[in-house]
Amino acid sequence: MIALRHLAPCKLRTSALVWSFRIGSCSIKNLGFLYVSDVTLFKLKLNSPLNSISRVAHSATMAKSDPSLVSPDFCEIIVVRHGETEWNVDGRIQGHLDVELNDVGRQQAASVAGRLSRECNISAVYSSDLKRALETAETITASCGVVEVSKDPGLRERHLGDLQGLTLLEAPTVCTKAYKAFKSHYTNQEIPGGGESLDQLYQRCTSSLQCIAEKHMGQRVAVVTHGGVIRALCRRACPNGSYGGKVLNASVNIFHLSSEGDWTIKSWCDVSHLDQAGVLKSGFGGDRLSG
């Protein structure tokens, strides 16, 4: 199997550009910058002609900011998907199996860690206890000067039962029943072999993130987790209709959570820091078809 990669999406800039895109019922808006990628659905509203837009380098920042600038009414959580693994490249289903990062994944972890250390102050780092997430989180912790990673099993990837360890090509014939359950449109459908339903994953990981938020109101924290988890978190923030797309390795996704349980997505699948490491184009493990 040949794995294709692409560099980080280009950024377009204009002083009069207002852009927005929708994830389900949620609109995500910004002013002045637009990240263009093959995994983002967006629509443009232009107050200036298209020829006024110019390409610029991937030097976007989240603006170095003091934790005191975060409103005491919410917690800003920078949710990062773990770096690439060899199983991502091979199209092999990981779930709860403890696969480590490959060399590209370690480079991606260093890139996202460097970005976070330059652009924002992190009060704490939380992570799934699986190696691929934990190693990514430890790299972030070292760069951002946080004392240690707080491990949270509630942030683990969805348990995919009998499908774990199989490639997506093998699964339909080797474990037909489990694969059929995995492909089911019913969110309460569990996967044979101890696998979770989408509802179980949703309850587990959204509860974990809300607990983290309530411990850090008025602060900015980083959470390293998995593609399936991030899609479930997006479902919580945008409950009506379709949502998201591929969640790429080492992407940055920013959520604001209030103590009352209100969730807002501020940024989705930003990989502008990966212009050197690149990203796996398939996004394996970070979309509905593979995780």
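Cβ atoms are placed via backbone N, Cα and C, with glycine included.
All annotation found in TrEMBL is predicted automatically rather than curated by experts.
Cβ neighbour count for Arg132 (substrate binding site) (all protein chains, 10 Å cutoff from its Cβ): 30. According to TrEMBL, the substrate binding site annotation covers Arg81, His82, Gly83, Glu84, Thr85, Glu86, Trp87, Asn88, Arg132.
Secondary structure from DSSP puts His82 (active site, tele-phosphohistidine intermediate) in coil. The active site, tele-phosphohistidine intermediate annotation in TrEMBL covers His82.
Annotation source TrEMBL lists active site, proton donor/acceptor at Glu157. For Glu157 (active site, proton donor/acceptor), other Cβ atoms within 10 Å of its Cβ number 26. Secondary structure at Glu157 (active site, proton donor/acceptor), as computed by DSSP, is coil.
His82 (active site, tele-phosphohistidine intermediate) sits 6 Å from Arg132 (substrate binding site), counting Cα to Cα. Within the same chain, residues at least six positions away from Arg81 (substrate binding site) with a Cβ under 8 Å of its Cβ are Val224, Thr225, His226, Gly227, Ile230, Val247, Leu248, Asn249, Ala250, Ser251, Asn253, Gly286. In sequence order, Gln94, Val99, Glu100, Leu101, Asn102, Gly105, Arg132 constitute the residues six or more apart from Thr85 (substrate binding site) in its chain with CB-CB distances below 8 Å.
Farthest C-alpha pair in the substrate-binding residues Arg81, His82, Gly83, Glu84, Thr85, Glu86, Trp87, Asn88, Arg132: 15 Å apart.
A Cα-Cα distance of 14 Å separates Gly83 (substrate binding site) from Glu157 (active site, proton donor/acceptor). Within 10 Å of the C-beta atom of Trp87 (substrate binding site) sit 19 other C-beta atoms, taking all shown protein chains into account.
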